[in-house]
Structure formats: structure tokens, C-alpha cells
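Right, one structure below, let's go through it.
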Amino acid sequence: MQKIPLIVIAGLTATGKTDVAIELAQLIDGEIVSADSMCVYKYMDIGTAKPTKEQRQIVKHYVIDVVFPNEDYNVALFQKDATKAIDEIYQKGKIPLLVGGTGFYIKSIVDDIEFPEMGDSKQVRQNLYKELEEKGNMYLYEMLKNVDSKAAQSVHPNNVKRVIRYLEIYFLTGKKPTDFLEKVRKKGSKKYNILPLCFVMERSLLKERIDARVEKMFKIGLVDEVKMLLEMGYSKDLKSMQGLGYKQVIPYIEGNITLEEAKEELKLRTKQFAKRQSIWFKYQGDFIYLDVGNLEFKEVVKKCFELCKSVV
């Protein structure tokens, strides 16, 4: 069976993946599958740095706006949606590009990961967020320590989303999260001929990029977007509303912090997120790492285009 060519553009937030991918897709007659765990949510555009409608008119994108903010979405669902999209793109005679910064989403395709079955997590998650609101994050963290000390050691108590995710696994499967995740099988993709690119950047330059991106988000209407979501009835406790760009703005809307404090908090959290991404991607040895920090946009596109010739 002939393998499907697949161009992967992964990497750190604010390194220009989207713009390069759109330009590259036009050069190789491709379409883009988004690999971003926040871009799946409808109505959440600015805080997720989602490709604009204009960009999506230039090059078709998949796995964007697939669920409402109060609906569940996870890596297993992404794998199913992305695989379908890649097949559809290839059947049209075009080249699929998998683009984003959510590492586990990308690895689910690149490694063809096989996920054990889990039940519906919505009610469990709601109960855990209620516990969080009433008793605080340390209560949940201590709960995780009692359930699985190894999992607790791997996560900071303030990383509430990850703590809750681990507890979900326990309550849905009855197994320790670490035991459950060890059963996730990496088969290695036999279906795709993959060019795995990963954009990286020197830390000080990346921090400047992040600061500029956050300022732009506020300038083009991030606060109004978060207000709109709250007015639509989407709770601040939802998984989607706990994401970067939303969680940091809500205290400002509630009158608890100033606008400048909200900006600084988002900048800080985004930099921390980028650091976690950097560590994660650093240990994924199957990527070709491109330092895009000191390259002109056209140079990055050209370099990617030349590398594409090995699989296209």
C-alpha cells in the first residue's frame, strides 16, 4: 500500500507555524489539519490564536470549530477526526499538513497511538470542578496523591487541568492514571510517509513574540470575546474556559484585577506553557528541529518547501 505523504509542522507557541503552513500549503497544493486542543471550540477565536476566516478561505482547514465550549473533546476524538481529514485531503489529490502545538495530538497521528476505552467523563469532570471551587486545588492534589503518588509527583498542584485529567482517569477506569497510560500503545504509523518538522526559537526572542501576541489579542477584542462567551452561558469552570487566554481574562471582567494585570498574567502563563512545550518536544527525537527565530518568513517557507521534496 502506498503511504500517504504527511507534512507535520509542530512546535512552540508564537513561532509562526500557522502563517508558514498556509504559505507552504499553497506551494505544494495542500490543506491543513489543525492539531491544537483549543482550536476545536466554536466561538473561541482570539484567545486560541485560531487561523482567521480569511486565512481559512485561502487554504482549507480541518478539525477547527468542531465542538461547542461546553462539550467534551479529547485526543482519542482528535485522532479519529484528524485521520478522517487526512484521508479526505489525500483522496482529493492534495497534500495533508498537520499543524499545531498540542504535542500529544500530533503524536497520536505520528505514532498511531491506540487508546484504551474510557467512559463518558463529563459528569466526573463537573463534579471535580465543583470540588475545586468549594475546596481548592490543594484538596484535589492531595486526592491525586492518595490515588497515585507517581502521577502527583509529575504535575504541579497549580496545573489544575492536568490534576483533574488524572483524577478523571481514576474515577472512570478504577486504575491508577500511570498504570492506565502505560497501556497506551504506540504502534508507529505505517500509513503515512511523514516529514516531522518542529519550530523552535531562542528563549528571549520567543518571550518578545509572546508579549507582542498577547498585546495584539487584547487590541483586537479578547476581552469582548470572553464577555460574549460568559453572556452565552458558558461557565468559567468549563475545561475550555480554563484555557490560556480565557482563564486570565475572567478575573478582570469580574472586577478582581486590572486590565494590565490580566495582560501580564496571560504573558506569564503563555511563557510557562511555551517552556513546557519546549521540554516535551525536546525529548521527541523523531522531529527535525528548525530554529526559526533569526530567519525571515520567506526563508522559513523556503527551507520547509525544500524539506518537503523528500516526501511529496
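Placed from the backbone N, Cα and C atoms, the Cβ positions cover glycine too.
The structure displayed is predicted, hence computed values, not measured ones.
The feature region 'Interaction with substrate tRNA', as given by Swiss-Prot for the ranges 36-39, 160-163, 292-295, sits at 36-39.
Mean predicted confidence for the region 'Interaction with substrate tRNA' (36-39): the pLDDT average there is 98.
Counting residues per DSSP class in helix, strand and coil order gives 0 helix, 0 strand, 4 coil for the region 'Interaction with substrate tRNA' (36-39). Separation of the C-alpha atoms of THR102 (site 'Interaction with substrate tRNA') and GLY16 (ATP binding site): 15 Å, rounded to the nearest whole number. Cβ neighbours within 10 Å of LYS17 (ATP binding site), excluding its own Cβ and spanning all shown chains: 24. Taking the mean position of the Cβ atoms of GLY11, LEU12, THR13, ALA14, THR15, GLY16, LYS17, THR18 as the ATP site, the remaining same-chain residues with a Cβ inside 8 Å of that point are GLY101, PHE199, MET201. Note: THR15 (ATP binding site) has non-local neighbours PHE199, VAL200, MET201, LEU206, ARG209, VAL292, GLY293, i.e. same-chain residues 6+ apart with C-beta under 8 A of its own C-beta.
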